[in-house]
């Protein structure tokens, strides 16, 4: 990251995991930290703008073919799913560049450690390592999938229900690998952005989970023998919770637009990719399934990665109040000073809108995820019915 954050690296141990993900940014050339040489940043900007321009041209070309050609359910579903996935990856590249330019991830990590000294993160470090290993696996599978697709199109093999004119975007299907390389570049950036999002949200969730454990473990022991000691400890927890809530607000400020864009593009991509798989099998069904199924898996994985961590964070934040109210050592026997301190703590915890929101429209929570999945299944059934009627 920046030089001002390089010194405390030994204190902020999560940075070592974060740096491993950001290392891919340096390889890809998406490196816009302000302390870098202006010439290098200019070169990176030219590379990113050129590749994103190719992707945007590809999206426009696919949209033009989709509108101008006769309606065919399988072809339209394939075109929409591919173009929205590329759009999602391109927008993720812009978000990733902006996060680096503003150093928002580093600032957020610093706030998390200042809030509670990162004890929750250290306690759940194995989970963060598992997330990082999943990041490596997803990038490896993505590169393998795109390499197979590039070889197939280069030799003239028809890939699933893709429009025959799409590989002719530059006049010759052998030149289509230029577009595929641009797509792969942005999809790798999409993976980096998604795992930065997941890593930071999970880190905040683990800090709140450890904080909840502290609230549950409050007892009238030697450490809190007197009412005054217990009141002071409750006030200390209120201060820690206040700092953690500031981290969540900063987290939402950083990711609310990103979450909105990702949800808006993941839902149609997932629906139409599932539509391709569940359609009536044809004589080339095995080959179609071979190239369609990985896209479905990536879509389902990205949707899960996008909503899992924020919904867990929102649930963990809401559980703090339950943990406090369920701790009988605080409420019984009745002690006026302790009771009023605990009541102030309960009032402080009454913040139901804390979490990662979708551009402020709604906080990502488990009920929202369940509602979204129900709507997606209903829409998929409708699309399948329309496809059968058209056939």
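A Cβ is built for glycine as well, from the same backbone N, Cα and C atoms used for every other residue.
Looking at 135-157, 204-226, the range tied to transmembrane segment in TrEMBL is 135-157. From the options 289-307, 308-326, the stretch TrEMBL describes as transmembrane segment is 289-307. Annotated range for transmembrane segment in TrEMBL, selecting from 76-99, 100-123: 76-99. Checking the ranges 258-277, 338-357 against TrEMBL, the transmembrane segment annotation falls on 258-277. Among the stretches 135-157, 258-277, 368-386, the one making the largest number of Cβ pairs under 8 Å with the transmembrane segment (76-99) is 258-277. The list of residues near the transmembrane segment (135-157) in space but at least 6 beyond its ends in sequence, with Cβ under 8 angstroms from a Cβ of it, reads 21, 24, 167, 173-174, 176-177, 180-181, 183-184, 187-188, 191, 195, 291, 294, 298, 301. Counting Cβ pairs under 8 Å to the transmembrane segment (17-33), the top-ranked stretch among 177-201, 258-277, 289-307 is 177-201. Note on the transmembrane segment (177-201): residues 14, 17-18, 21-22, 24-25, 28, 30, 51-52, 54-55, 58, 85-86, 88-90, 92-93, 95-96, 99, 105, 108-109, 128, 131-132, 134-135, 138-139, 142-143, 146, 149-150, 153-154, 169-170, 251, 254-255, 258-259, 262, 302, 305-306, 308-310, 313, 356 of its chain, located 6 or more positions outside it, place their CB under 8 angstroms from a CB of the stretch.
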